[in-house]
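Notes follow once the structure below has been shown.
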Protein chains: 4
Amino acid sequence: MSGNTFGKLFTVTTFGESHGLALGAIVDGCPPGMALTEADLQLDLDRRKPGTSRHTTQRREADQVKILSGVFEGKTTGTPIGLLIENTDQRSKDYGKIQEQFRPAHADYTYQQKYGIRDHRGGGRSSARETAMRVAAGAIAKKYLFETHGITVRGYLSQLGPIKVEKLNWDEVERNPFFCPDPDKVSEMEAYMDALRKEGDSIGARIEVVAEGVPPGLGEPVFDRLDAEIAHAMMSINAVKGVEVGAGFASVEQKGSEHRDEMSEAGFLSNHAGGILGGISSGQAITVSMALKPTSSLRLPGQSVDIKGEACEIITTGRHDPCVGIRATPIAEAMLALVLMDHLLRHRGQNVDVKQTTPIIPPNVV
Amino acid sequence: MSGNTFGKLFTVTTFGESHGLALGAIVDGCPPGMALTEADLQLDLDRRKPGTSRHTTQRREADQVKILSGVFEGKTTGTPIGLLIENTDQRSKDYGKIQEQFRPAHADYTYQQKYGIRDHRGGGRSSARETAMRVAAGAIAKKYLFETHGITVRGYLSQLGPIKVEKLNWDEVERNPFFCPDPDKVSEMEAYMDALRKEGDSIGARIEVVAEGVPPGLGEPVFDRLDAEIAHAMMSINAVKGVEVGAGFASVEQKGSEHRDEMSEAGFLSNHAGGILGGISSGQAITVSMALKPTSSLRLPGQSVDIKGEACEIITTGRHDPCVGIRATPIAEAMLALVLMDHLLRHRGQNVDVKQTTPIIPPNVV
Amino acid sequence: MSGNTFGKLFTVTTFGESHGLALGAIVDGCPPGMALTEADLQLDLDRRKPGTSRHTTQRREADQVKILSGVFEGKTTGTPIGLLIENTDQRSKDYGKIQEQFRPAHADYTYQQKYGIRDHRGGGRSSARETAMRVAAGAIAKKYLFETHGITVRGYLSQLGPIKVEKLNWDEVERNPFFCPDPDKVSEMEAYMDALRKEGDSIGARIEVVAEGVPPGLGEPVFDRLDAEIAHAMMSINAVKGVEVGAGFASVEQKGSEHRDEMSEAGFLSNHAGGILGGISSGQAITVSMALKPTSSLRLPGQSVDIKGEACEIITTGRHDPCVGIRATPIAEAMLALVLMDHLLRHRGQNVDVKQTTPIIPPNVV
Amino acid sequence: MSGNTFGKLFTVTTFGESHGLALGAIVDGCPPGMALTEADLQLDLDRRKPGTSRHTTQRREADQVKILSGVFEGKTTGTPIGLLIENTDQRSKDYGKIQEQFRPAHADYTYQQKYGIRDHRGGGRSSARETAMRVAAGAIAKKYLFETHGITVRGYLSQLGPIKVEKLNWDEVERNPFFCPDPDKVSEMEAYMDALRKEGDSIGARIEVVAEGVPPGLGEPVFDRLDAEIAHAMMSINAVKGVEVGAGFASVEQKGSEHRDEMSEAGFLSNHAGGILGGISSGQAITVSMALKPTSSLRLPGQSVDIKGEACEIITTGRHDPCVGIRATPIAEAMLALVLMDHLLRHRGQNVDVKQTTPIIPPNVV
């Protein structure tokens, strides 16, 4: 229990069920004096919110966030920031059948086993709706990281089922409903998703997130390594089944002479490490990749059991994302920002003026 | 800072550098009344220890662990267990050149950037030598999990560079120096490693760990999900660059109808989830896979810089594992055991008698 | 930073300023299946709320709490419970002068020093208004402790400035505006407070809290002793300057033969220990006493400095409690309940079925 | 469980029983680059160690500490510092009778209830012997606080049973076996202790600790207030039954006009607050007082019960401190230093350069 807090110095604690009255978060440890308004959070919330294209769930949520504390006359005060989003579109009757049955591959079963009771409406606490608060909290971290250290955190969809992107055009990412960075793949993705919707099936995806401008020195070995905390953060996102840093699983077949990022006076010569060595940021770009499984709520009938353990056939109606990966990019960005923010503060505790520490070599790949 | 403690209720805190006087750990939160001797820990320590074949570092360490507290008349008392291993084979002169230069892809550079000072001897704190204490602590968790709940945690090497295992024979795992479960691949691996040593290069690997008998209900969403904590644990192991649970990255190309593990009265029909749904154990086997990069200490010369940022050529002599993955199996097992132990205790806090909770369906794959 | 979470397994995180939009809390780790409604929390909130007699601040707050999550069909689900109280009576203009000046003995000065910015309205985050959320969260703990283990937590005012109570009549406590257990002292207290208000001065107080029915075994030595956590909890309440357990400071002059609580088959023969030995509950009543300083907001002029460090004379107008101790009883009860709840869950983690453990001797004082 | 770690950024985790093989600690989060040798720790260890006068236990322990990691070429490296003290004088046979019986007012009873097993030799983990590691860890904190910020932490015995000190002569404190600051009371204390020893009884004491030079701004409201953490730290010391900050319990009878520390351009005009306002340091001296109960191990026979709950008479032989307060001064100093160190690092995390922040008014009492 009490697993709803993330971070050590910059902490985020969340609450809220899919069809409850509201979602909320407390962001504790934000340094004082930063300008902050609700609009700063709304931008990322709007990127994540459902119903913005035909390819995501048709649930309509304004996801309008309110800042209830911790900001005075437009600036953070160092005290905890209370955030609230009221749920407005709760068509709970859609979920009537699910009360007694378990969707295969869904948390329905394990919540029932763990707690002996569950709010079955829309997945309750296990719904990805919870991630709205991560995005809101992450926006605070992103703003601080950028304004005080020039650190940027951004992501994109690199694969939608069988379709792999081939170009990385950052401007394109915000122009299509998939966060796809390759303009040549967008219409293929649209056609794929349209066909999928007709089938009543769902599909997996792969997301990449990249942080640039991260100073060397963040991460606290041996257990709170930066990459370990990133893995924790990413795997805590609904549907994520795998996480890689840098070369990731490709390292298995690499020789040391190939994998190692050689160094020159002008900078590193490659970045297989993904910006982290020995659990500490090297100054290079931090690159993270993750796999998201296909949604478990399908219109295609499946074998399952009910709450008594008796066999049943299950069909999920209601409004669901056929590919949860599509809306996951802002969530993954938020989680990476939260990890970096927490570790920036932890590193500073050591009396290291992060801004003054000069990197021995430039962070760029020559 | 203070990143050297793992766990919340069952905590492990470690210290020790590669060439310091000793390694140590404090295991806090072990339930009282369990029989425990040093021999219980030595078994796994011996599986991890260096120098047992020509394929690992030739450093000779007895890795003899002492229990200094927390055990009285052969039983745990509920008070913290102090563990100590003295370092005996410290050929520090081997490392003289490394003092001023950074090995590419090694933590040398980031430790220097973070702390402004480092114990360069054998990698200091960043050495995999530190993992001996994880193995010792993990052995306590393993014993408790098995004796009180019948939970087993075991692992194997599934890929050594280009060589993939094709059979899973658990008995074979302990019979060869690679933890390889496929008897047909052992000689191929031996030949590969012999050639690699001659080249002076190193290679990556893939490890699998499996926990069976885990009761449903472990894991604390939304941030302390069981899979998130496993990802944290595994990515905190030296050289790990990627972690998967269940189908992992294969999920990206799976459709929902393929990925979902359907359920019947007799049990689950498949296990793509890897035993975890919504961050909570389902009762199925927990399956975890991880990628280990090739060692960064090579005899092949490489471009690097020295402590002043000036270019230099570097050659690592000394004694190193050409494939850190070989000795990583017991470490990965230990980390999985530590996560399960901590979450078993956390779950119990909720007043759920784990032993009495009846799974709704059997955990087996039909 | 990030000091707004209390507890380890049963955690309470709060936000909110005196004159902000709302106060809130997230209670994480509440066991599932307990009946819970807003009315369960309102009872204690009403005991704490301002303006119920002429002896407390005349601010009028309904302190109406909303449960936003974690409860489904009237029962807790094991997921985090979001609580919210909107602020309704914010007469912020009362505080205009305080913006530039520091009230002596008030947190104005230290908040300004720490954060470089502060919400001066009504003391902002340093206001005792924040304790409303402690009371709401504490009510959940109290309910669980009582319903599952028969543990009761209650308190009273034992001294108001020079007036010491001489009788302990629990029924009387709720009948007067002071939580005074001695019916013979109530009119004396009223007269004292009336005179004090005329003077424009304030006064200190002493509060006692008692927990009965606590099973032996709660508390985690050596640092998380039960009494250490109680001291932490109580000293975290606004205005508290001292905490005692059992005989407290009287122990200084006691001999061991006098202080020690001898034991018989029928129970303990005395309770100087206050129910805690070696940091672990003994089964006896836990008795805690605390000192609250007089309010620092006075109408009597005082010497101070302004934000530039220049001398000024300060007079506090606005609405303040002339004795913060009067409303502190429910807060102290709440904090003791939170500590006991957290430690009950922590102790359970050790696989000790608290209900089944038989005390070696009865807890009563013979 | 797992209550043996103190602190959040600067953490101390300890292990060790009174009659086990050794005591140990891991100090994690010490900033790198500080000169540190075993001699730096030994000074305070020698002040605490038993057997230095006839007024303390006659157990003879060298309490020789070894630094096993975290220091390289005489300087801290930022990695965890492993500390070890071997137990040399374990006359375990002295404790034979205690195995089956509970000393009244001792942790014997509660350890048995909590764990169902205990190391009865010398009190096992509940022995004050454990505090040696606190003193060693505290010495590291003290050194850092003094060398980087000029903060001093020191203490004295202010009352031994009925004997109250009347003068505060810091030089005198180290000249007598009681840490008594009043040269005129030393012989009275000696006579008192001699008589007490003959009686076979024990006595309580009061200790004061003072930190000077603490910058304003330390402490993290609302729960991790500086005074709350100090109360936690002090109450975690064996035998402590009460803690006060500043005026403490005297505040109960003070009026606001008397208690409030008025401020002038030249500084504060008094220090009833004890250097902490709203849970944050004000820059004034931090003053803490605590009550220690008389030792529960007496030669005078007492009524008790045995492990089966049957009545027995108990007499404690063996070697015990007739006044645990005598050796408590270095322990209390250590705990205060640990709290300040942790909060200094936490405050820095907020990007506040503690050294550069100018106090608005001087900290001194005019």
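Using N, Cα and C of the backbone, Cβ positions are placed for all residues, glycine too.
Positions annotated as NADP(+) binding site by TrEMBL: B:Arg48, B:Arg54. The local packing around B:Arg54 (NADP(+) binding site), expressed as other Cβ atoms within 10 Å of its Cβ over all shown chains, amounts to 11.
Under the heading FMN binding site, TrEMBL lists B:Arg125, B:Ser126, B:Ser127, B:Asn238, B:Ala239, B:Gly278, B:Lys293, B:Pro294, B:Thr295, B:Ser296, B:Ser297, B:Arg319. Counting only same-chain residues at least 6 apart in sequence, those with a Cβ under 8 Å from the Cβ of B:Thr295 (FMN binding site) are B:Ser202, B:Ala239, B:His320, B:Asp321, B:Pro322, B:Cys323, B:Val324.
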Interface-adjacent binding-site residues, chosen from B:Arg48, B:Arg54, B:Ser127, B:Lys293, B:Thr295 when a CB lies under 8 A of chain A: B:Lys293, B:Thr295
Short-range binding-site residues relative to chain D, from B:Arg54, B:Arg125, B:Ser127, with Cβ separation under 8 Å: B:Arg125
Cα separation, B:Arg54 (NADP(+) binding site) to B:Ser297 (FMN binding site) (Å, whole number): 17
Cβ-Cβ neighbours of B:Arg48 (NADP(+) binding site) (radius 10 Å): 23
Candidates B:Arg125, B:Ser127, B:Lys293 (binding-site residues) - the one closest to B:Arg48 (NADP(+) binding site) by CA: B:Ser127
Which of B:Ser127, B:Ser297, all binding-site residues, has a Cβ with the fewest other Cβ atoms inside 10 Å: B:Ser127
Other CB atoms within 10 A, centred on B:Lys293 (FMN binding site): 30
Binding-site residues listed as B:Arg125, B:Ala239, least Cβ neighbours within 10 Å: B:Ala239
Between B:Arg54 (NADP(+) binding site) and B:Arg125 (FMN binding site): CA-CA distance (Å): 25
Rounded inter-Cα distance in Å - B:Lys293 (FMN binding site), B:Arg54 (NADP(+) binding site): 20
